[in-house]
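If you check TrEMBL, you get these features:
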| type | residues | note |
| --- | --- | --- |
| BINDING | 108, 109, 110, 111, 112, 132, 133, 144, 153 | NAD(+) binding site |
| BINDING | 186, 249, 266 | Zn(2+) binding site |
| DOMAIN | 71-181 | domain '3-dehydroquinate synthase N-terminal' |
| DOMAIN | 183-327 | domain '3-dehydroquinate synthase C-terminal' |
Ligand code: NAD
Ligand code: ZN
């Protein structure tokens, strides 16, 4: 098991990554002050509950904990306030009080929703993230929790840091291949924005990662979390540097929005977005051609798309990019890169430059 610590202004919390870590939960919970007299509530979704939820609940009960569990239908459509209200109802019925602890067992949807429940239930109770997708190595660290509104994704939310994050890499074995690839996009993003040696490591170990080698997955998640936690520690509330985590996301979010969130996984959209961002970086910041080539090669090796084939209307894509939460004052804002492993936020980009870039990453 590998462990790192996230430092925020008023809290430090550990991230544990490895094999068989759920068996160590009683000891790990004790280390963060959660004794057996505190009630636990597992919040999970309908795919994860039969795979890992029931066994987790049973093993914690066998250890003497009082553990409830509430399950909502798997999928992004569940990430809304009515599911939050239902889950809160289950928490009340189980008798959770201010000293109780939520266990968020699942992918990013569960982490975001259960974290939001924990942030708001009785004005906030502690929660532990038990991420079960590769993508959730990203979403479980940093304290952003929330749900969607009919008018947009993640419009309702809070900052609520977990008490700890425990990642069991063995659970990734049941993940559909497409979800593995999607998670690898965020791993690649963490390397591309921060650490050229991590890029080299990914280039060298792509095949083993795709084959779900537990040692390589542990290392990749550890290094990805290291980057995320370094960024988040410097800027917990996204007032500055944290926005670099949006590398590839301006185009990525736009592709997701125009396609009604049904065509690409989040990671696929971000991969196409990173290919676009690297090309825009070459165009605007004079980044070397090597940046584009290595970015695109790495993404391809991780079985990710770098082009979109659909004929999405340009005005809709541009509008979505302007509406992106991170765009301020209707200007186009991108995270761009001068060289591998280093990025910066660039505002006020000309529309013509973006249109040209979109042409380059479209196969139409
Ligand atoms: P997800 O939670 O919907 O999981 C994908 C699918 O895999 C679901 O059907 C789920 O039930 C299933 N699943 C989960 N674990 C499994 C396992 N081990 N085996 C088999 N199936 C499993 O999606 P995701 O990609 O993990 O997360 C996407 C969400 O994360 C989005 O809502 C996004 O907004 C959010 N997110 C949040 C942050 C943040 O900082 N809070 C960052 C990135 C993404
Ligand atoms: Zn993302």
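From the backbone N, Cα and C atoms, a Cβ is placed for every residue, glycine too.
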Additional residues around Zn(2+), ordered along the sequence, whose Cβ is within 8 Å of the centroid of 186, 249, 266
135, 138, 185, 189, 248, 252, 267, 269, 270, 273
Local Cβ density at residue 133 (NAD(+) binding site) - other Cβ atoms counted within 10 Å:
25
Could you give me three numbers for the domain '3-dehydroquinate synthase N-terminal' (71-181), the DSSP helix, strand and coil residue counts?
48 helix, 32 strand, 31 coil
Close in space, distant in sequence - residue 110 (NAD(+) binding site), Cβ under 8 Å, 6 or more apart:
43, 44, 45, 48, 104, 132
Quick note, residue 133 (NAD(+) binding site) and residue 266 (Zn(2+) binding site): C-alpha atoms separated, nearest Å, by 12
If I take the alpha carbons of residue 108 (NAD(+) binding site) and residue 266 (Zn(2+) binding site), what is the distance between them in whole Å?
11
Just to confirm my parser: what is the rounded mean pLDDT across the domain '3-dehydroquinate synthase C-terminal' (183-327)?
94
Recorded NAD(+) site residues 108, 109, 110, 111, 112, 132, 133, 144, 153, farthest C-alpha pair in Å:
21
In whole Å, how far is residue 266 (Zn(2+) binding site) from residue 112 (NAD(+) binding site) when you measure between their Cα atoms?
15
Residue 153 (NAD(+) binding site) sits from residue 249 (Zn(2+) binding site) (Cα to Cα, rounded, in Å) at a distance of 13
Near ligand 1, which of the binding-site residues show up if the criterion is a Cβ under 6 Å from one of its atoms? Options: 108, 112, 133, 186, 249.
108, 112, 133
